Structure formats: structure tokens, C-alpha cells
């Protein structure tokens, strides 16, 4: 052992000594000896059109996640409304299939499934009001807001079209003819207020419900407030929407989401429901299910960030910090 220890520690000038062979344990191979002279084969290049398709797919991936999220929301929500209401006609079904609670569950499941599909890709907004609130309070890029909203509205159009195609024969029977289309079936896709509701009451109902929704979304995504894991967030939103529908859903059919109302309403206009969709109650479609939710989401985010948020991801927090730094500078 002592002789070996001396050999490994004392270098030798002879390149064939034992020390040199221990350092270079791997013998030379023909491949390694000619590595400098042989050219490595190049990886096969993809066709240009495939590269372009991949670039396009990458560019539209997040908006497409919002598109599919809203489409799923409408399929579950409007689909449940169609089943419950259309089945009340004895010529459509032998008995009623569900109740108002069934519709609440349908919309809640639609929210959960939509967020599950899109959450890990686009953030799972699936609501223009939430997208704008995230841009205002959470640093979501304003340049992405138009593409998100467009995708959300188109998702509403396609989701409504799929549900309509599925129930078209039941709608014909319910309406009493193939070319008869009235508010009775339009309300299965778009939102309509109860007759006794005033304009101000309709606006307030949508504003209040969306403010609660926005505040809860901010709470559920606040890492400093015992937020659920990403996998449990859709389930939490499911519970939230069941509660919103059960408590604030009767009077205006709780749109809470401009894309959920405007997308299906656009499809209904193309399906032959006429101008009455947009003339109803002095442009109800604009100020109740669009403007009120957008403002309600802003109010909910403002309340949460003003009184509850303790992170650095809010503009309100930044302004407070700036004012404190300015006061300290003045004291010094």
C-alpha cells in the first residue's frame, strides 16, 4: 500500500509510468481520435410551415385557453337552463328535469371546469370583468386585455351555438314552431330581469354580485391569505357560484360576466331572434350585464386591496409605501 501511495502522489516524467495511466483511464477510441476531423451529423430541420404553425400556436395559446374556458362555462350553464326549462313542456319531456338549483349547479360546474381547463395556461379569468380587474390591481398586461376579451366573447358565441344545436328540436317544440323565437327561449342563453325590477335595481344586483365575486377571486388567489392550491381553486369557485346563484341569482339571472351574456346574445341575433335582443329595456344588454359587472369587479378589487391585502402586488400598497418613504425623507 505504501508503494502505491508513493506512485500516485509522485509524478513521473515518463509518459508510460503508472501514474500517467491512472490519470488517463479511458483508452483512445477511433471516434475520439478523429473527433476533430469528423463532422457531426446535423439534426433534421423541421419544414418552415411547421415552425410557423408552432409560432402561431404559441402566440394564441393563452387566448385559446380563455376561449375554451368560456365555451365550457356556457355549455354547462346554458345547457342546464335548457334542460330545466324546456322539460317543463309535456311535449318535450314526460316530467320536469330539474329546478332552479339545478341551473345554479350547472353554472357553478361550468365555472369550475372552465377554470380547470384554462387556469394553468392563461390564469383562468374567463370573464372580461375579472381580466380588467386583474390588469388594474394585479399587474396583468393591459396589452393582453383586448385579446383575452375577444377570445372570451367568441367562446360565449361558440358555447351558445353548441347548446342551441343540441336543443334545437326541443326549442322548436317549446316555441310551437320552427321559425318562432321569443324571449322565453332567449332567456335560456342571455340574461333577462324580472318584470318588477327597476333599471337601478337591475344595475345594483349585477354590481353587488360581481363585487362579491371579484373580492373572493382576489382572496382565493392571495398567497398570504390561506389561498387554496391551484388544484382546489376550481372547487372553491364552484362553491362560490352555487352560493351566488342561490342568494343573488333570481332577479337578473346573475350574469356577473360580460362574455357570458354578450357572446350568447350575439349568437341569438344570428340565429333569428331579432333586434328585440338589444332593444329590451332600453339597451339592458349594455348597462346591466356588461357595465355593472365591470364596475362591480373594480369595486370588489378596490375593497380587498384597501382593507385586506398585505402583499406588494397591489397599486394601493405601492402608493402607501411611496407616501411613507416621502414622509421619512421629509423628516430626515
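Glycine is no exception: its Cβ is also placed from the backbone N, Cα and C atoms.
Per Swiss-Prot, topological domain 'Cytoplasmic' is recorded for 1-66 (among others).
Annotated region 'Disordered' per Swiss-Prot: 1-46, in sequence order.
According to Swiss-Prot, the compositional bias 'Polar residues' annotation covers 1-40.
The transmembrane segment annotation in Swiss-Prot covers 67-87 (among others) and rests on sequence analysis.
Among the features that Swiss-Prot reports, topological domain 'Extracellular' is placed at 88-100 (among others), with the record citing a curator's inference. Under 8 Å from some Cβ of the topological domain 'Extracellular' (88-100) lie the Cβ atoms of residues 80, 170, 173-174, 249-250, all in the same chain and six or more residues away from its ends.
Per Swiss-Prot, transmembrane segment is recorded for 101-121 (among others), and the stated evidence type is sequence analysis.
Annotation source Swiss-Prot lists topological domain 'Cytoplasmic' at 122-144 (among others). Through the fold, the topological domain 'Cytoplasmic' (122-144) approaches residues 61-63, 65-66, 69-70, 73, 111, 114-116, 152-153, 155, 210, 213-214, 217-218, 233-234, 256-260, 293-294, 296-298, 300-302, 305, 313-316 of its own chain, all at least 6 residues removed from its boundaries and within a Cβ separation under 8 Å.
Taken from Swiss-Prot, the feature transmembrane segment applies to 145-165 (among others), supported by sequence analysis.
Confidence over the topological domain 'Extracellular' (166-199), given as mean pLDDT on the 0 to 100 scale, stands at 96. Taken from Swiss-Prot, the feature topological domain 'Extracellular' covers 166-199 (among others).
Below 8 angstroms of C-beta separation, residues 129-130, 133, 137, 193, 227-228, 233, 236-237, 240, 244, 248-249, 251-252, 254-257, 281, 284, 287-289, 291-293, 295-301, 303-305, 308-309 of the same chain, each at least six residues beyond the ends of the transmembrane segment (200-220), sit close to that stretch. Per Swiss-Prot, the feature transmembrane segment maps to 200-220 (among others); the stated evidence is sequence analysis.
For the topological domain 'Cytoplasmic' (221-230), residue counts in helix, strand and coil come to 0 helix, 0 strand, 10 coil, using DSSP. Marked as topological domain 'Cytoplasmic' by Swiss-Prot on the basis of a curator's inference: 221-230 (among others).
Residues annotated as transmembrane segment in Swiss-Prot: 231-251 (among others). Within its own chain, the transmembrane segment (231-251) has Cβ neighbours under 8 Å at 100-101, 103-105, 107-109, 111-113, 115-116, 119, 124, 193-194, 197, 201-202, 205, 208-209, 212-213, 216-217, 220-221, counting only residues six or more beyond its boundaries.
The feature topological domain 'Extracellular' is assigned by Swiss-Prot to 252-283 (among others). Away from its own ends, the topological domain 'Extracellular' (252-283) comes close to residues 70, 73-74, 77-78, 107, 126-129, 149, 152-161, 164, 179, 181, 183, 186-187, 189-194, 197, 199, 202, 205-206, 209-210, 213, 244-245, 289-290, 293-294, 296 of its chain (Cβ-Cβ under 8 Å, at least six residues beyond either end).
The feature transmembrane segment is assigned by Swiss-Prot to 284-304 (among others).
Taken from Swiss-Prot, the feature topological domain 'Cytoplasmic' covers 305-332 (among others).
Residues 62-64, 66-75, 78-79, 82, 122, 125-128, 131-132, 135, 171, 189, 258-264, 266-268, 271 of the same chain lie 6 or more positions beyond the ends of the transmembrane segment (145-165) yet place their CB under 8 Å from a CB of it.
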